[in-house]
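What follows is a short report on a single structure.
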Amino acid sequence: MSFLRGIIACVPNCHYERLKALLHGSKNVFDVIPWLDHGIQKTTKNTNIISIFHWIPLQARGMTEVEVSHATKPQLKGVWQSRKNNKKFCKSEFFTGLLRRNLQFLLAMTLKINSRRNDINNHTYLIGILLLGLISGLTFNLIFFTVPYQLSEATYTTDIIGSISLAAFPYCLKVIWSPFIDKYSIPFLCSKFGHRRGWALVAQICLILAMTGFLNISPCNNLYITAVILFIISFCSSTQDIVLDAYRIERPTSKEELSMAFTFSSIGFRLGMLLGSVGALYSSIIFGWNTVYKFALFITLIGPIVILCIKEPQSKEIRHTTTNLIGLQQYFEVIKKSIISLKNKQQYLLLIILFIFLYKAADSIPMAMSSPLFLDLSFTTHEIAVIYKAYGLLIMIVGGALGSVLATKMGIFHSVLIGGVIQLLSPLMFMILATIGYDIKTFIITVTVQNFCAGFAGTIISIYFASLCNSEFVATQYSIIASFSSLSRIILASLGGICAKYLTWPVFFLGNTLFSMLFIPIFYKIYRKKLGFVNISKKI
């Protein structure tokens, strides 16, 4: 900013804020010149040229850096005096020439400073996304692992434990209320904190209130109350996921930031699952189950603080929201517009849905059949917990991070193809493990490959889902696409269980590999028609 001070010193009639506004608002450097010329012509004769000269960058003096470094003050004054004696070189022309050569440099440095400030803000919101993802992963595993494991320790039958797991049903149906989150603005909160942050605060506060229910009861002694609490937790957590999905799509301003947002969210979710599984198991042994739920509540309390610290995303589309509860007609209108918007961007939407279904086959089936296979091969519970749960989740985080880097460097099209091909290694390794039998080294290699592929391809396909969303109903669109992905996981897991009953493990996983390869011709057809594998930067 020293150059600015020099200009202001010689143009006393101009205002600093006005000059700064011109510098920041003008896309063309020379748009600022006429305004400055007007002020320069009013400069008094007693202006100290040498003091002004001191503030002007070296390149503007018509001298090299070496010449200036060896020049004395009288020599510098002589440079000005020789130019002043030239009648064709007036003050206005002199300073105009200086500005023409140096204003671009000044603007570049200003943008660089602003870029560094933006980098700090970006790091802040990425850490916020990571922490919110951690809370989502923790509550997800609380429903699917922590409470069922405690009930199994209390010798409850599998049918009761399975019934308790139905409390997680809101995760599969969150597309139903996502239009309300897109269209309805909560009075005061959304106007005060923004649309996304207002909804996130409500979801977090309700989640905390639901988590406090486990402080006074034991799941083993109050099954019905436990089921109700888990259902409320599931509803609040899935609502938070809807808002978080929309936030991490709307907040980034480039394809690099979009990849980073999904990576940080994925890492946070996996860390939350790690805390909710391995962390909960070891904490229950040392402190007891009541302390485990207190610890989970303490982590959840971070959520509202994080939401207040991050900024509201700037939507790229005009969002038409209302503080009045929307009716059924408006509700279906939101869903209709969301699907039409997807259809307009992707002319063959059904083909893309089929691609998503086949793309998940190499990941969903091995993941669903992993526990029965490991138990059939006589692996102990301790080995499964340490190697598959703890070590596997860490490898999944590494895979997700590398998937994000690949999507940024190579683009979404090549990344999806590479991720799909790498995923084929997962059922192949399960086939090798099933053929060899009980072997710790092969088990570790299989877990490494399977979790790396799941994290790698999972992050890439999530970024692809985000690239499909392009309207003001981002939360609804992403929920629709993610629901198809979740539905494919459920269908594939169910079909896999039926097939595994009639086939040997090696034949089953070989068939899984061949079936998963069907995504390649679908992918090729999508690429030929250029459906959706667009440059994310163009969308953003």
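Each Cβ is built from the backbone N, Cα and C atoms, and glycine gets one as well.
The following features are taken from TrEMBL:
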- 125-148: transmembrane segment (TRANSMEM)
- 125-530: domain 'Major facilitator superfamily (MFS) profile' (DOMAIN)
- 160-177: transmembrane segment (TRANSMEM)
- 198-217: transmembrane segment (TRANSMEM)
- 223-247: transmembrane segment (TRANSMEM)
- 267-286: transmembrane segment (TRANSMEM)
- 292-310: transmembrane segment (TRANSMEM)
- 348-368: transmembrane segment (TRANSMEM)
- 388-408: transmembrane segment (TRANSMEM)
- 415-437: transmembrane segment (TRANSMEM)
- 443-466: transmembrane segment (TRANSMEM)
- 478-498: transmembrane segment (TRANSMEM)
- 504-524: transmembrane segment (TRANSMEM)
Chain residues in Cβ proximity to the transmembrane segment (160-177) (below 8 Å; excluding those fewer than six residues from its ends, i.e. six or more beyond): 140, 143-144, 147-148, 151-152, 223, 226-227, 230-231, 233-235, 237-239, 241-242, 476, 479-480, 482-483, 486-487, 490
Seg_contact(the transmembrane segment (415-437), the transmembrane segment (125-148)) with at least 3 CB pairs under 8 angstroms, min sep 6: no
Model confidence over the domain 'Major facilitator superfamily (MFS) profile' (125-530) (mean pLDDT, whole number): 82
Closest-packing stretch to the transmembrane segment (504-524), where packing means Cβ pairs under 8 Å, from 223-247, 292-310, 348-368, 443-466: 348-368
Long-range environment of the transmembrane segment (478-498) - Cβ separation under 8 angstroms, sequence gap at least 6: 171-175, 178, 242, 245-246, 249, 335, 338-339, 342, 353, 356-357, 360-361, 364-365, 367-369, 461, 465-466, 468-469, 508, 512
